[in-house]
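Trainee: Following this message is one structure expressed as structure tokens.
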Amino acid sequence: MGAEEEEDCNGPTGGENSILDKKQLRIFGHPLTTAQQMWIGFFVPSILSTVIFIANIALDITVACQLFREDHPLLGGATLALMYAPSLTCLILTFTRLPKLEKIGDLLTWVTIQCLQSLLFPLGIIYRFATQLFWSVVALTEEDPAREKALCIVAACHQTELFFFLDSFLNAAPQAILQAYILLSPQIVTTDETGWTLAVSIITSVITLSKTAALYQRFESQRAVGRLPQWAQQENEAHTRALINIKQFDPKLLMVLQDPPPNKKTVAVVISPAHEGSQCNDTDEPERTTGQISQLSHDQPATEEEQEEINEAKSTTSAPEPFETSFHGETDKETAASPDNGAKDNPQTQVDDQTVKEEEPEEHDTLLSTEANQSVSGANDSAYLTPITVEGAPLDDRCFWPRIQTPPSSPTADPHMRPRLSINTIRSQNRPAYTSNVALPVRKPRIKGLHEDEPLGIFAAFNAWLMYLLARVLVIAAFAHFYLWPSLGMIFSHYCIMVAYLWFCNPCPSFWAPLIALIFILCPIEVKVRYKYPRVFLIIFFALVLLEDLATVILWYCGAEWESWWYDFAFVFIIGCHGMALLNAALYLFMFKPNAKYVEPTFSF
């Protein structure tokens with residue numbers, strides 16, 4: 001999307017279209033070499049993910065077997081059910097998008113294969129890791145174009161990435177809380193072997209959860225400006241449109257107005273300011289306005305003094321502008337051809353007409369454009385203000401002038417006459433103006449998001465989440481061990497606060513709000529929801545969690561009865577983990593927090 005839109009891997013394999021050039025890794029703002037990027041971006045993450053996944057699966061199976069061996073079938077069954085929860089969820093999501101197969105036998109075969117993959121999901125995940133490791137080694141040892149092909153295979157989107165995301169919150173998070181609860185129960189853990197197995201399993205589960213939290217802590221803000229999900233690349237653009245809710249305009253219509261249709265005829269009406277009655281001439285006599293002269297020409301013949309004034313005004317009038325000459329010429333023809341103007345019967349009226357037409361206003365005339373098939377009220381009936389049909393000129397200045405209708409100057413004046421008023425005069429008198437729809441200038445929309453984290457930033461965030469989640473898991477498990485119902489009440493109240501925030505304070509779909517609020521019991525991640533006032537929300541969230549943790553720890557440590565050394569260790573470990581989490585969070589915020597990023601959208605609705 002925007003300037004950093006991902007290109008298809010099947011395209012050219014030149015240096016300009018390389019996977020490493022599209023998403024260049026940096027350390028403290030400095031770009032890495034090609035070999036360093038392949039090591040840090042592909043090979044090392046593949047090895048670490050493989051080791052963590054195999055250790056987590058192996059320890060979960062071992063814990064389940066230990067619980068079954070010690071006659072705790074419910075706890076062992078719950079461990080296995082949580083282990084298969086993400087796989088069954090992926091299977092359900094796959095069945096919601098059935099392929100279009102013509103034969104029923106092919107459809108049954110496809111369903112059978114999907115069920116077997118869900119049942120034997122560890123083998124499929126290990127095969128995916130083996131593929132990534134193999135092609136990472138190929139990319140390190142080969143040159144272009146073989147290296148580029150290998151990088152495209154390693155970086156390609158795959159459905160297993162969705163499994164890893166769901167595994168963190170459907171398996172690792174509840175598994176860690178359950179096993180911590182079992183570990184703090186002496187009546188369940190009867191051997192040291194089971195205790196150490198549970199402790200290591202808790203650590204691996206929290207590591208899995210911390211890795212996902214570090215990668216997706218501000219995912220939607222980064223996705224809005226170019227980051228793609230690793231499991232559903234084709235859905236990225238549609239989701240971003242619905243989340244940000246902006247509208248893209250044609251660049252030709254930005255900051256300009258639409259041109260009028262070519263070769264369209266318009267009617268030009270000249271309006272000039274009226275002479276004020278308070279203005280005086282050299283003889284200190286009030287000057288006659290256009291309405292007074294026209295009324296005189298219709299009611300009675302002009303006297304000798306008035307005729308001299310008219311002749312003097314005619315002789316002192318400046319030459320008209322070229323476009324006005326063409327207007328006056330056509331006006332004379334139409335006036336001569338009109339039988340109602342009384343020019344044949346009253347020759348004095350012809351003189352008055354010429355005087356009125358050839359008068360030059362003191363202010364510049366304003367040209368108002370109207371459609372040719374629209375008539376101005378009273379213009380066709382007046383011999384003094386006749387509409388002229390001319391060819392429309394392009395509006396180079398990109399402005400629009402409204403068509404204005406002005407009433408007679410007084411009730412006794414001729415209703416066919418209109419005073420010559422300027423635009424400023426009309427606006428000052430609050431006269432109505434009739435306008436049409438115009439393409440107004442608009443602001444170019446921009447999308448605000450965040451840059452993706454650097455490798456060191458991800459590592460610092462991972463350490464902060466690891467310390468925080470270890471403490472949070474132990475707090476919930478210990479409080480539930482001593483005070484079960486109060487702990488459930490605390491969790492439920494925290495859940496209600498998160499649901500309220502997602503429903504009423506953030507544009508989040510109502511279907512996802514109850515599910516995402518379950519994740520927010522442990523850690524806030526920006527997936528399927530974009531924070532509103534993120535800094536304020538995160539400060540309030542962690543302040544609330546810190547208050548809950550300290551209150552519950554002090555409550556059970558000082559008020560409950562306990563004898564095992566596990567509780568002393570748990571108390572010290574919780575306090576120390578909170579301190580380490582604060583230090584790593586401060587390191588991430590002050591040194592590795594990504595800056596804001598603005599992009600212009602390239603899609604349109």
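Here the Cβ of each residue, glycine as well, is placed from N, Cα and C on the backbone.
From TrEMBL, for reference:
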COMPBIAS  289-300  compositional bias 'Polar residues'
COMPBIAS  367-379  compositional bias 'Polar residues'
REGION    275-379  region 'Disordered'
TRANSMEM  39-59  transmembrane segment
TRANSMEM  74-95  transmembrane segment
TRANSMEM  107-130  transmembrane segment
TRANSMEM  456-475  transmembrane segment
TRANSMEM  510-529  transmembrane segment
TRANSMEM  536-557  transmembrane segment
TRANSMEM  569-590  transmembrane segment
Trainee: Cβ pairs under 8 Å with the transmembrane segment (107-130): which stretch of 39-59, 510-529, 569-590 has the most?
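Mentor: That would be 39-59.
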Trainee: Given a Cβ distance threshold of under 8 angstroms, which distant residues of the chain, six or more beyond its ends, lie next to the transmembrane segment (456-475)?
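Mentor: Residues 27-28, 176-177, 180, 202-203, 206-207, 209-211, 213-215, 217, 522-523, 545, 548-549, 552-553, 570, 573-574, 577-578, 580-581, 584-585, 587-588, 591-594 contact the transmembrane segment (456-475) from elsewhere in the chain.
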Trainee: Which residues, given as numbers and ranges, are at least 6 beyond the ends of the transmembrane segment (510-529) yet have a Cβ under 8 Å from it?
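Mentor: Distant Cβ neighbours of the transmembrane segment (510-529) are 165, 169, 173, 209, 212-213, 216-221, 465, 468-469, 472-473, 491, 494-495, 498-499, 502-503, 537-538, 541.
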